[in-house]
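A.B. asks: If you scroll down you'll find the structure; I have some questions about it.
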Amino acid sequence: FLLLGISAATEVSFSFDVGNGPVEIVVRSPNQLNDDQWHRVNAERNVKQASLQVDQLPLEVRKAPTEGHTRLELYSQLYVGAAGGQRGFLGCIRSLRMNGVTLDLEERAKVTPGVKPGCSGHCTSYGMYCANGGKCVEKYNGYSCDCSKTAYDGPFCIKDVGAFFEEGMWLRYNFHSPGTSMKDLVSRTLLSSIDPETTAPDLNLHKEELSFSFSTTKSPCVLLYVSSYTQDFMAVLVKPSGNLQIRYSLGGTKEPYNIDVDHRSMANGQPHTVNITRNGRDIVLQLDHYPPTSYSLPTASDIQFNSPKALFLGKVIEIGKIDQDIYKYNTPGFTGCLSRVQFNQIAPLKAALRPTNASSHVHIQGELVESNCGASPLTIPPMSAATDPWHLDSASADFPYNGQAIGDGVNRNSAIIGGVIAVVIFTILCTLVFLIRYMFRHKGTYHTNEAKGAESAESADAAIMNNDPNFTETIDESKKEWLI
């Protein structure tokens with residue numbers, strides 16, 4: 001016999017017997033093999049040795065005995081997926097080759113009960129429904145969306161996870177667990193998608209991706225602040241005027257680099273969405289429905305965020321020197337709603353409101369109340385005439401044509417267009433009236449075959465006789481008498 005199968009969740013076995021007794025080769029994987037991912041298996045047996053390899057794991061080799069049988073004689077069919085009395089395989093098998101010949105599994109699957117051709121999986125067709133960075137996970141006869149690396153919740157990762165902050169409340173997310181040394185931070189990948197082997201020992205960041213939404217009616221305040229073990233920091237503030245400000249301090253310059261968004265007040269009680277992406281010196285900011293805007297750090301500025309320490313929401317409670325403006329904006333604190341906060345692969349609000357692996361990193365001052373306020377639609381009030389670029393003042397408007405004004409300031413072209421529309425409507429009404437009269441002109445009339453002169457005749461019979469001479473002759477013939 002010859003058998004290739006999965007003997008345990010982390011083991012693949014290759015066993016055979018050529019007449020010298022059963023021989024088994026086992027490859028053990030450090031990770032589970034039933035993880036809905038593709039794995040490649042190579043098994044070989046010849047007169048000298050037998051070998052088995054799984055993925056990129058080390059090759060397992062077993063030498064053949066110097067004496068004994070070497071020829072494998074098989075007298076039954078090849079079974080794929082199950083054989084008599086054995087536990088069946090549940091999953092996908094593809095690219096099956098034996099002795100250099102590719103076996104057509106799909107053709108056999110068409111005529112085999114319980115087996116279906118093709119192995120694209122459900123995620124190929126329905127993975128698009130896992131939104132906001134959710135990962136599609138294959139399941140038997142279905143799929144699910146993994147939202148653990150996102151700031152969203154729900155079956156399709158579309159439910160906002162938000163909370164309402166009262167005055168004086170704040171949330172702190174430590175990038176390292178309590179008691180973790182700096183040496184242990186090297187292997188942590190929460191902050192960056194970079195391979196941990198290439199991460200700098202002090203966990204410097206060359207890029208950040210930050211997204212969140214908020215609504216508030218009070219200013220100034222600190223929305224988000226990322227501190228470090230050095231003097232580097234990043235902050236998103238609402239200034240006393242209600243305008244948004246993004247502040248970067250990465251070293252190399254005396255003053256932080258500020259991005260001021262002055263075209264609209266953010267402290268208007270409406271939900272606002274902020275997306276900030278920094279890659280090296282380039283910064284891209286997108287606010288609400290406005291198009292993205294690009295900025296660049298000064299040439300003297302550093303491009304590394306050195307040793308990030310903690311992320312604060314609502315207020316900054318940090319030991320050490322804090323920027324003076326941020327210190328002033330820190331009082332009395334943020335009051336309003338924050339939702340779907342995500343910094344790279346960290347979701348601090350979700351870690352605070354949901355039991356996740358990162359919940360131990362969160363410390364809260366005050367009572368955090370979950371709220372779906374971030375899911376409210378954006379209803380921006382109309383802009384004032386002074387700030388609306390499309391508003392035209394009647395006194396200073398310069399129209400591309402100089403039409404003659406008639407009536408109460410109505411343009412001549414408008415009057416012509418109105419007259420044309422009136423003529424068209426009148427024509428349509430006349431056509432409808434004509435059609436109605438034509439369709440109903442015979443309404444209530446009918447035709448008969450009454451004899452002429454029926455009005456003056458004494459009776460109906462008399463009218464018929466007066467009108468039809470043949471009928472009269474018939475009557476006269478009937479009046480004749482015959483004597484026999």
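For all residues, glycine too, the Cβ spot is worked out from N, Cα and C.
No curator has checked TrEMBL annotations; they are predicted automatically.
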A.B. asks: Scan Cys92, Cys145, Cys147 and flag the one TrEMBL records as disulfide-linked to Cys119.
C.D. replies: Cys92
A.B. asks: Name, in the order they occur in the sequence, the residues of the same chain whose CB lies under 8 A from the CB of Cys119 (disulfide bond) and which sit 6 or more residues away.
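C.D. replies: In sequence order, the residues whose Cβ lies under 8 Å from that of Cys119 (disulfide bond) (at least 6 apart) are Cys92, Ile93, Arg94.
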A.B. asks: What's the number of neighbouring CB atoms sitting within 10 A of the CB on Cys92 (disulfide bond)?
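C.D. replies: Looking across every protein chain shown, the total is 14.
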